[in-house]
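K.L.:
So that we are looking at the same thing, I have put the structure below in structure tokens.
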Amino acid sequence: MKNYCGIITLFLAIISATGVFCVDFPNKGGKCDRKECRKTCKKLNYRGKCFPNYCRCFPG
């Protein structure tokens with residue numbers, strides 16, 4: 001089962017106080033690319049961390 005967290009979680013992150021959300025990488029066969037993850041999160045001034053099949057962005 002695919003882990004869909006993209007847009008919905010992004011909106012939840014904006015609303016929520018924690019601001020932690022994750023990003024899907026459908027083009028990489030579900031694998032998280034560390035470089036892409038960090039680049040994506042950096043655009044929003046977040047830190048990116050890879051998990052097996054998604055990228056999670058943390059504030060700071």
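From the backbone N, Cα and C atoms, a Cβ is placed for every residue, glycine too.
The model shown is predicted, which means the values in this text are computed figures rather than measured ones.
Annotated signal peptide per Swiss-Prot: 1-22, in sequence order, evidence recorded as sequence analysis. Under the heading disulfide bond, Swiss-Prot lists CYS32-CYS50, CYS37-CYS55, CYS41-CYS57. Marked as site 'Basic residue of the functional dyad' by Swiss-Prot: LYS49. Residues or ranges marked as site 'Aromatic residue of the functional dyad' in Swiss-Prot: PHE58. As annotated by Swiss-Prot, proline amide applies to PRO59, with the evidence given as a curator's inference.
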K.L.:
For CYS55 (disulfide bond), what is the tally of other C-beta atoms lying within 10 angstroms of its C-beta?
P.N.:
24
K.L.:
Name the residue among the recorded positions CYS50, PHE58 whose Cβ has the smallest number of other Cβ atoms within 10 Å.
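P.N.:
Across CYS50, PHE58, these recorded positions, the one with fewest Cβ atoms within 10 Å is PHE58.
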K.L.:
CB neighbours of CYS41 (disulfide bond) within 10 A?
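P.N.:
That number is 21.
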K.L.:
Rank the disulfide-bonded residues CYS32, CYS57 by the number of other Cβ atoms within 10 Å of each Cβ, and give the residue at the low end.
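P.N.:
Comparing Cβ neighbour counts within 10 Å for the disulfide-bonded residues CYS32, CYS57 gives CYS32.
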K.L.:
Could you check the recorded positions CYS37, LYS49, PRO59 and say which one's CB has the most other CB atoms within 10 Å?
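P.N.:
Selected residue: CYS37.
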K.L.:
Reduced to three states, what secondary structure does DSSP give CYS41 (disulfide bond)?
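P.N.:
It is helical.
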K.L.:
Determine, to the nearest whole angstrom, how far the Cα atom of LYS49 (site 'Basic residue of the functional dyad') is from the Cα atom of CYS55 (disulfide bond).
P.N.:
6
K.L.:
To the nearest whole angstrom, what is the C-alpha distance linking CYS55 (disulfide bond) and CYS32 (disulfide bond)?
P.N.:
6
K.L.:
Between CYS50 (disulfide bond) and PRO59 (proline amide), find the distance joining the two CA atoms and give it rounded to the nearest Å.
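P.N.:
One finds 15 Å between the Cα atoms of these residues.
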K.L.:
Would you kindly give the Cα-Cα distance separating CYS41 (disulfide bond) and PHE58 (site 'Aromatic residue of the functional dyad'), rounded to the nearest Å?
P.N.:
8
K.L.:
Round to the nearest Å and give the CA-to-CA distance linking CYS37 (disulfide bond) with PRO59 (proline amide).
P.N.:
14
K.L.:
What is the interatomic distance between the Cα atoms of CYS32 (disulfide bond) and CYS41 (disulfide bond), given in whole Å?
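P.N.:
Taking the Cα atoms only, CYS32 (disulfide bond) lies 13 Å from CYS41 (disulfide bond).
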